[in-house]
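For reference, the structure is listed below as structure tokens.
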Amino acid sequence: MNERVKNIFLRINYLGILHRLLLFIFAFYISLTIVGVNILNENNISGNFQVVKSAFIILESFSLVGFSTYLVHYLNKKNILKLIWSYFIYLVVSYFILITRNINNPDFRILNLRKNHFFEYRGLVLITFVIILAFVLKYIVEKFYLQNYFDSFFQGYQRSESPLYYLTVFLVVSDSKLTLIFSEIISSTMLEDNASKFVGVLSINVFFTFVTFYFIVRFAYQAVNDIRSNKPTFSLAITTSLLLGLIFNYTLQLGLKTDGALMDMFVFPGATAYQIACITIINLLAYLIINRFVITTLIEILFWSAISIVNYIKQAMRNEPLLISDFSWIKDFKLLFGYIDIKVVFYFFIVIVIFCLFYIQFRKRLFSGKILSKKRYRCIGLGVIASVITFYSTIMLNEKNGIIVDNIPIISQLNNNYNVYWLGNSVHATYRSLLYVWTKDLTFPVMETPEDYSEEKIQELAKKYIEKAKEINATRSENISDQTVIYILSESLANPDRIPGVTLSDSVLPNIDAIKANTTSGLMKSDGYGGGTANMEFETLTSLPMYNLSSSITSLTTEIVPEMQYIPSISNCFNKEDRLAIHLGDAQTYSRINMYNRLGFDKFIAVDNGTEKAENVTMLGNFPSDASTYETLLENINTNANQFFSVITYQNHVPWTYSFDKVLSATSDSFSDEENNQLTNYANLLHETDKDTQELLENLSNIDKKIVVVFYGDHLPGLYPQSTFTSNNELQYQTDYFIWSNYPTKQLYYPYVNSSDLTAELLECTNSKVSPYYALLTEVLQFASIDKDNLDANGKKVSEDLKLIEYDLIQGKGYIKKYSNFFKIE
């Protein structure tokens, strides 16, 4: 055994290893100097930075001589032609990435090659100089009869194509566009005038870039040889994965295109590299699992094409990107295809057929066989990918207040800077990349742990608000359970009269405006634009606000509800048999049926998958009319019982079509003809809602029992271009609400509230008693809601109290459940 180990060590070519190490060091120092000097030349430097620049130049000089010495072995026509081809291929790839990074730049002109630096000369000049220097060294060796010394020095050196790979890497790191990216990454160190930190951060990022591009170039060279020999190899799989990453990074972001910058950037630094890397890793994982080149490539093309198309359609219809939670819709093809043009489905089906025929025809002639023939190599590959995913997942999971560890290449820069998380997933998918949003969905915690969270703190809050409930109840005489309560979520209802630049031929919501003038009413802050219905539904019922949760949360009903052991809801004040949900769509959408089951609703009336099927449904546009929804509601009111209704309308859902005579026109000079057509359709649909809602309230007025209605729009329609809200971003999230009753109630003044405030407002409006939980929410409504520009000390304390209770319910230990009377109205 010892002899065998000894022989293994004796067979190692230590000189060869030393040569490869020297070549690597020379090439790395050249790359580091290229980037470092280019950055320093583009900035006004002095003092220590001048010293750094001089050190870079000295290092590069020695490294160029050392590297050129190795290059002497590669001076032939074939290798020079390879470098020329590499240069032109790189120009095309680099420019394509630049196009991708400027998707949101309306002033970018693809054909303006000179202005956009298509021809990158820095790298070409450098490698030309290196080649000339190698020729000079070769001439000196031959002229002065130094060949024996030269050969002696290179004894043990095994030739490979590595110097060619390094020369191609020099082209990459010399790129002015890459220099700009590096400048953005390390700009803070220059502002701090910290030369040592500058060198450290630069070295880490250049090393990561250098090694990455070395292997990319190496695999690309090998892939070209594999294509010529028609062999399915791992190098070919890696190169194809990366190529598809480049292409589909573009198609994904094209679907999220918006004309404008955010924080003076059209895409955040690191976003493009991150998404390309993610797509590449996913593709490579597929190659390793399936282990066949052609079928895997076809599947990947179909998969990413489908993702790109659906992402584009969803963004266009709802101003929201494709999210991880949306994949739950796959099981409901009927509903899914209802949102997609049948032509798109047909063409995609044709493409699938063509791909299948192509595979059947060429599977044995084109790259046939396994990519990796030995299982251990596949296992190693899968293990490496699993390690990379685990490493980055661990980093993301261990974030604190949304911040991860610094100095992790790409991801630290992308995640930790440019804090605009309040703008929502659409903005982040556009400027941080779609797959970054997916990563956040999968890794970030539902809610940050409050610093003072503990059992003792929850106990303190329970006692505090038990006393507060007693104090409030001393001034109130009614019980909410002694009447019928109806929550009506009106799909996409938000008065277009508030939208800048929109001209209406007449009032769209005259009846609702009149109702608002005589009731407790105002504007409600929505947590979504163009979507998020189920989230508003959850918030109004439970009074648990979304603003306390991670910005990565996209669907409360699918991501939060299944994990909660107890769900507080105003519906809990009513008997189970008297709780009814009405939605004339599919009850399984966003797992609604599961949420209402958890809330103990006895009946869910829906067109599909409810506990009871809706009858006599009439359509208006593409969806069941509000008149049908209201008729279903009226048919189920029991005058002998106190009921709770959660009603979700469907009529005004995207896409908006209106085939009747239009009584209104709605236009904007800044909208396209198609956008104005949609806006007019939407306005006429809203006008129908207005009339039907007035008729509903008239019918409710004639019922001899106390009834109160909480009516609100869930979000604005996603038809308005982002530029519409440039002057006032808040308008994008403001809908209408009112609280109406068929008996006299107080008219309160709450002009601007969160959806989670509505129940506390309902209880105050009806002079109803509160539980300790609703005592807390009453405090939030009065002192810490959205209408308060700056919270005072009491407001901040109340806000923190709610955050503690919400955390305990959603992600904490559930200590509050020990106080059973906390959620009871006594």
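The backbone N, Cα and C atoms fix where each Cβ goes, and this holds for glycine too.
Curation plays no part in TrEMBL annotations; they are all automatic predictions.
Straight from TrEMBL, the features:
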type     : residues : note
TRANSMEM : 21-40    : transmembrane segment
TRANSMEM : 52-72    : transmembrane segment
TRANSMEM : 84-103   : transmembrane segment
TRANSMEM : 123-141  : transmembrane segment
TRANSMEM : 164-186  : transmembrane segment
TRANSMEM : 198-221  : transmembrane segment
TRANSMEM : 233-252  : transmembrane segment
TRANSMEM : 272-290  : transmembrane segment
TRANSMEM : 297-316  : transmembrane segment
TRANSMEM : 336-360  : transmembrane segment
TRANSMEM : 380-397  : transmembrane segment
DOMAIN   : 483-767  : domain 'Sulfatase N-terminal'
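Panel annotation: around the transmembrane segment (233-252), residues 93, 96-97, 99-100, 103, 216, 218-220, 222-223, 226-227, 272, 275-281, 283-284, 287-288, 293, 296-297, 300-301, 304-305, 307-308, 311, 367, 371-372, 377, 381, 433-435 of the same chain, lying at least six beyond its termini, place a Cβ under 8 Å from a Cβ of the stretch. Tertiary proximity for the transmembrane segment (297-316) is limited to same-chain residues at least six positions away from its ends with a CB under 8 Å from its CB atoms, namely 240-241, 244, 248, 251-252, 254-256, 279, 283, 286, 290, 322, 326, 339-340, 344, 348, 351-352, 355, 358-359, 426, 434. Long-range neighbours of the transmembrane segment (198-221) within the same chain, counting only residues 6 or more positions beyond its ends whose Cβ lies under 8 Å from a Cβ of the stretch, are 27-28, 31-32, 35-36, 39, 49, 52, 82, 86, 161-162, 164-166, 168-169, 172-173, 178, 182, 185-186, 189-190, 235, 238-239, 242, 407, 409. Remote same-chain residues near the transmembrane segment (272-290) are listed as 97, 100-101, 237-238, 240-242, 244-246, 248-249, 252-253, 296, 299-300, 304, 371-372, 378, 381-382, 385, 388-389, 410-411, 414, 433-436, 439 (criterion: CB distance under 8 Å, separation of at least six residues from the stretch ends).
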